[in-house]
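S.K.: Relevant sequence annotations retrieved from TrEMBL are reproduced here:
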type: COMPBIAS; residues: 469-489; note: compositional bias 'Polar residues'
type: DOMAIN; residues: 372-468; note: domain 'PFU'
type: DOMAIN; residues: 501-728; note: domain 'PUL'
type: REGION; residues: 466-490; note: region 'Disordered'
type: REPEAT; residues: 17-48; note: repeat 'WD'
type: REPEAT; residues: 238-269; note: repeat 'WD'
Amino acid sequence: MDVETTGQKDFHLYCQLFGHTADVRDVAGLSGNMIASCSRDGTIKIWSPQGPPVGYEVSKSLAGHTNVNKMGISALHFVPPGVHPVFKEGCLVSAGYDKGLCVWDSPALRGEEETPTWNLWGHEEAPTCISVTVDGCIISGGSDNVGRVWGGNRCIEVLRGHKYPIWAIIGLANGDIVTGSGDRNIKIWRRGQCIKTIAEHKDAVRGLTDLPGLGFVSSSNDGTVILWTYDGTMLQVLNGHEGFVYKVTKLPTGELVTASEDKTIKIWKDGACVQTLVHPSGLWSVSTLENGDIVAAGQDGVIRVWSRDETRKASDEVLASFSQEIIEKSSIASNEQIDVDALPGPEALEVPGTKEGQYKKIKKDGKAHIYTWSIERNTWDYIGEIQGVQSNEREKKIVNGMSFDFVFDVDLGDGDTSRKLTFNLGEDPYMAAQYFIESYQLDQNFLDEIAKFIIKNVPNWKDAKSIPFSRSNKPAPQNAQKPQNTPQPQVEFKIPPSTSKFFPQCKPVTFEGGNFDQILGKIKSINQTLADAPDTAALALAAFEISQVETVFNKVSQTSRYHVSTFTPKEFGVIEKLLKWPLPQIFPVLDFLRIMIFHPEAAQYWTKTKFVKTVLETGLNPGGHTANAMLTFRFASNLFMLPSIRSRLFEYQEKLLDFITDKYAEANKTTRLTLSTTILNFSVLYLTEPNEDGVSQTLSVLNEVLGVQDQDEESLFRLLVALGTMLY
């Protein structure tokens, strides 16, 4: 039963529309409460209302885009009647991976015409978003980093200035155009010129909608939704989503609606989330209809319509099946090891939740049940029984000398299943997908599809875990659907196919993970020792500085929050102060720095300073602890993953390689593994940044170290891969 507490009833599921064979990328509400949808399957479907219990049926499929390969149709936008000077009854604009836009007039939407009225060409890469200006010009943004304004069927303005793909575009009531990009910036344009750049979001800007009479709203991969005035003044930040917020739109009531990777749609009123609509899959987009219903585009290929109208409501059987599907596909239930006996009883439901959509598991009748908190009704809503849970424990699998939590045999349609898609828990799915693409020289357009496969097939993929020999779990290259937190140029690997599965090695090997409690404890212990000695007391950190160090450790340990966490100048300062400790005492500091450098903001900040130089010179000083050099080389190995920093390694190439030549034979097994990894990473670097002197010196070093007796298998493996990569 719906309870009215804010003047509006709750939304309930009305119907589910099955017709697409791949994820639904966008939906648009048309005149007469019709729906348009587009998918990665390459189709655009028009759905006509049929009334309960069917809801909608496909009345037309539009075929105007060609050569969209497996990426399909990327975006839709409906231009309402009376807005466009040519299409008086309105029109639908679609964007495809054929790099073109199709404009469909109302007869085509009714099934009276077969082809688009216009085809708009000009984008050099796929257009990704569409809108319309107040004077009726179609506008689009694309993966070519530019926006385009279309007067009739030709481009009359090009909006240049973004460094990465434009994911969102909107025409405002005051005549301005707003764009949001993977470079994290929002730009306001007037008569073809950028009049303001807003850099408040911490990750890619994915959605925009207008607020007539006030300004506009943006949504981002940083999980936030922000309200702005027309001139770009921030009004309010809405927090609540736990994943990328791909789309924001509004209801006829003025309420905001957002769709997220976290499998929810949220309805916002007066700055607060008033309802959360949970789905079985992530959501690419959301739209609203004239009657106030909400239409959701699911990554599971299903379109779902939600309504406040009691006459448009799914049957009890459909609702029960839908709830069970949510449980089965929920990350909190799927493949999770739950100790039912350890769960609290029903009395736990007497404690109110703290946020809309919060989950709580309880034990009842010997079984695990799950509830979600509703702020609107101030109660825990029952979802259902958690079934089919299992243990997380699994055996590691070895591929090419590396250990992985998951290994998938991939057949690309040619019958060859020898391709191995590898993944470690805690790794970024997009980075693993990019590594797979480069390893097998595949089309870059497969990246998003591969990443989504990982997300779908790996339970609890965000679980943090130490990965001693793996790719870095850094954000994806910018041409991926998931942009980076800190924009950095993508490295293009133009390497001919290899006949060996071991080389060329196309990605650096890194040293990640660590026992944060142990490292922090050692730093505190050394700090106390320094404070107790009169001659070193001045080097010790004060209590408030130790507190700052603890804060930094906490931020670095939460890798899933890298897209939103930041550091203050004082926090950077206190970490840099630790390097001023006596050389025998800095080894835990070096151990922490090799991990912290993976945080996007730390990498960006230290790129602008001489800190990297300080770390390398301090760590390799012969007066230090025996572990200093090993940890410094691990720090250096991790730098190879960071495009903004790795070029600096050429400055230290000779010194690093000379050190390896002098120390490799006497080094222990752990240090040899680190030194061999640095050699391997230099060989990878030469693939994209040729350096004849570097190659010559590295080959000379390899000649020396390969002759060392009693090599352990892993170190020797990396040295041989390095040799094969340079000789390839």
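Numbering starts at 1 and runs along the chain as it is shown here.
Placement of Cβ uses the backbone N, Cα and C atoms for every residue, glycine included.
TrEMBL entries are annotated by machine, without manual review.
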S.K.: Give residue numbers and ranges for long-range contacts of the repeat 'WD' (238-269): same chain, 6 or more residues beyond its ends, CB-CB under 8 A.
M.R.: 6, 8, 11, 203-204, 206-209, 211, 217-221, 223-227, 275-288, 290, 292, 294, 296-297, 306, 326, 330, 355-357, 482
S.K.: Work out, from DSSP, the number of helix, strand and coil residues along the repeat 'WD' (17-48).
M.R.: 3 helix, 18 strand, 11 coil
S.K.: List the helix, strand and coil residue totals of the repeat 'WD' (238-269) as derived from DSSP.
M.R.: 0 helix, 18 strand, 14 coil
S.K.: Taking every residue in the repeat 'WD' (17-48), what is their average pLDDT?
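M.R.: Here the predicted model's pLDDT, averaged over the repeat 'WD' (17-48), is 93.
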